[in-house]
Structures are given as structure tokens and as C-alpha cells.
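Inspection log for the structure reproduced underneath, given as C-alpha cells.
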Amino acid sequence: MAKTIQAIRGMNDLLPEQTAAWQQVEAMIRQVAASYGYQEIRMPVLESTALFKRSIGEVTDIVEKEMYTFDDRNGESVTLRPEGTASCVRAGNQHGLLYNQIQRLWYIGPMFRYERPQKGRYRQFHQFGIETFGLEGADADAEVILLSARLWQAFGIADQVELQLNSLGSNEARARYREALREYLDQYKSELDEDSQRRLDTNPLRILDSKDANTQQLLAQAPKLSDYWDEASKQHFEELTARLDAAGIQYVFNERLVRGLDYYNRTVFEWVTTALGAQGTVCAGGRYDGLVEQLGGKATPAVGFAMGMERLVLLLQEQNKLAPRRAVDAYLMPLGEAAELNAQAVAEKLRNELPDLRIIVHSGGGAMKKQIKKADKSGAEVALILGDNELENNQLTVKPLRTTDDQQTLGWSELIVALKPLTQE
Ligand code: ATP
Ligand code: MG
């Protein structure tokens, strides 16, 4: 026998038993995004490598070691997108959506990063993202946070996630702080963990979220980012927290939250859970006022977030918050040759009347007993029996499969009334 081919490590199939849960989550996301007036944008999964180098930053984890980059047949360097914001800005610039306009956009789709696969961390994963363009006020930051908070509410997991909040200040403030931090840590260079030593020269801010205990201890006495905030950023942050307070959104001020992508300024935030082990961040975002211009557009303020769909689904499953609709409501069983000939036509009529009814027509004939077994296995709530009598009288016999209720032979209009509730469960 030929050897079977396996999927690439870290890239998962979603089987039918899982897709129902995903569809349920996606439906909620669409509904909530729409309820804030956000519109969907779809971007290609493959982009020029330069796009990500220029936006995410050359010395970030993503660009240094996580991107799927290769030359296409024309010798051009292309990359499977590791995130959505850069693509969204590229698309906005290319199609003139951003300058002097307000856009509220969302996207959902696969992202690709070459990481060590583990629970909540994969090489192909999915993000739902929100991007708001053209608004510089803190009300826009509050809006995207409120939108994410509404999702937790809608899913019943608001008590499982904590909002962590920080401000990076202006680019100048951040640059001054970076120097101060570098100078401070340079004194203890040999005591830092290996990763942090390397980052000291390239990206010292990332040292702030080092997991190394000794490094963390050294950071306790380090200069504070908030001491370097410029006045306007400080005020912006206060306006944001005032709005969150007014809306009853709780948050924790996390001085060390800096995020791993270069394009952020001012607000950064993460929604974190303790329920998923090490991969605890389900949603992360912030403001990126410089990115549109950096990618060739006219300066346009922007703020957004990305939510990790796998982590969200994992969390919802662990909390038992998903109860997707059953895949099949009714299983139509034709008994006899004439019934078999007409069964599909009868099912078509039912679908005309009840577009939300999920009905399978038994295929392959066989006795009542065999068909009942298949009906049961399909997960259907009821079997619909079509015998010679029923066919002649324009009736169907409804046999409950999940309760001990008696079966009933019903005429067409009664049948529609009886089946309707199944479409609404
Ligand atoms: P982490 O610190 O977990 O590596 P990150 O800072 O790299 O996350 P972002 O680039 O901000 O993550 O992406 C936003 C969200 O996308 C993350 O909070 C997480 O929920 C999800 N995510 C990121 N990388 C992965 C991955 N490899 N597999 C699954 N989900 C991911
Ligand atoms: Mg990462």
C-alpha cells in the first residue's frame, strides 16, 4: 500500500465535529462586529516579504524567525502572512480607503508562523481582527476594547479573561525610554538571560516580558516607561481609562506590556486568561498611528486588535460554553419502491417550506430496522417515515428518536407545524 501523506506539522485539519463549534464562534463574531458598524475586508494570504519587514520590524521574533518566506517562480520574495494588520493597511492604501476617511474594518482568516507547535500555538492558526482608521481620540481605543469585551460577554467567559493595559507613549518617548532601559540593563548584562542579552542591542523593550526570574528581578529597579510618557500620550491614556471606567470595563495597568511588533504607539492591551496554561493571551492589540504612513500612505491614525481563534475556541470548550446546533434535524426513510422513487421530491418540498430544516434522505434502501439504525446514527431528532400509505395520502409519519413520545402520522400542513420547532432549537 502507498504511504499516506500527512499534514504539515503545526497545521491542523478541522474535522466536521469541530467545524460546528467554529461556525458558532464565527457567527457571533460577525454579529458583534456588525453591531458596531464594522465591515469585513478579505486580504490575500500571500504578500510581498517587504510588507512585513517594513511594518512588523526587522528585529522582532516574527520577522527574525517565524515567517514562511520563499521565492516564487519569478524570483520574488513572498511571505505567508504572519498577521493581518500589515495586509489590511496595505490594502487600505492600495485602494484609497484610508486617507481622510474613517474606516471600521474586520477580517478573519489563517495566519502562518514557524513556531514550536504546542497547545494554543500552531504554525497555521486563525485570527479575527479589528482595525479602525482615521480616529485619533481615545474613544476609538475604547471602542475596540468594548467590542472585544462584548464578545466575552456574549460567550459567557467575561470572568475568565483579564484586560491588561499600558501605553508606549509617542515614538520619541518610547525611543528615549529604550535608551534609558538599555543603559540601565547594560550594567547587568552578564546576569541577563541569553535571549535578553541578545535583545539588549536590538530590541531592549522586549526584555520587559522576559520569563526569566533573575531578569525579572533586575527589572524591578529599572526605569519606568510611564516616567517617559509625553504629555499628550499621558492625557490620551487617561481619556481611555476614564471611558473604560464609565463603561464598567475593568483593567489592570501592566507597565511591562510592550507587545512584540514594532508598529505600536500609545495604547497597547492584551486580554489574558489563566485557563489555557502558557498560551494565555487570547486577544492583543493597540494603537499604530505611524503605520499607514510608514507603508506609503498619508498619515492616518489607527487602532485595532487580533484575537487568536484557536485559543478562543479552546477556552470556550474548556468552559463548556459551546453548544452548536445539531447537524441533522430529520432523517427521511422511504419504505418500498414507490416511496423510494418519491423520497427526494418530498424532501425538496419540505426544504421549500422550511429552509432551516436539516434533513437527510436515506440512501441505499433496506428494511425499516436498518434505516432506523442509520437515522439514529445521523443524530437526527426525528425520523420521517414515507411508506405506500403516507405517499398516497400526502402524509409522513414522524417518529421521535430522542424521546419516548409516540409516533404520529401527519398531513402536510400539520407536518410543517410539527417540524418548525426543530429548526429553531
Ligand atoms: P504570543 O506571545 O502568544 O506568541 P504574539 O504576541 O506573538 O503572541 P500577536 O502577534 O499579538 O501574538 O497575535 C495576536 C493573537 O494571535 C495572540 O494573542 C494569540 O491569541 C494568537 N496567536 C499568535 N500566534 C499564535 C500561534 N502561533 N498559534 C495560535 N495562536 C496564535
Ligand atoms: Mg508570538
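Heads up, the Cβ atoms here are built off N, Cα and C, so glycines get one too.
Unlike curated records, TrEMBL annotations are generated automatically.
TrEMBL lists Glu83, Gly84, Thr85, Gln127, Glu131, Arg259, Tyr263, Tyr264 as binding L-histidine, and of Arg113, Arg116, Arg150, Arg243 the one it places in that same site is Arg113. According to DSSP, Gln127 (L-histidine binding site) is assigned to a strand segment. Within 10 Å of the Cβ of Tyr264 (L-histidine binding site) there are 25 other Cβ atoms, across all protein chains. Note on the binding-site residues Thr85, Gln127: the fewest other CB atoms within 10 A surround the CB of Gln127.
All protein chains considered, the CB of Glu83 (L-histidine binding site) has 18 other CB atoms within 10 Å.
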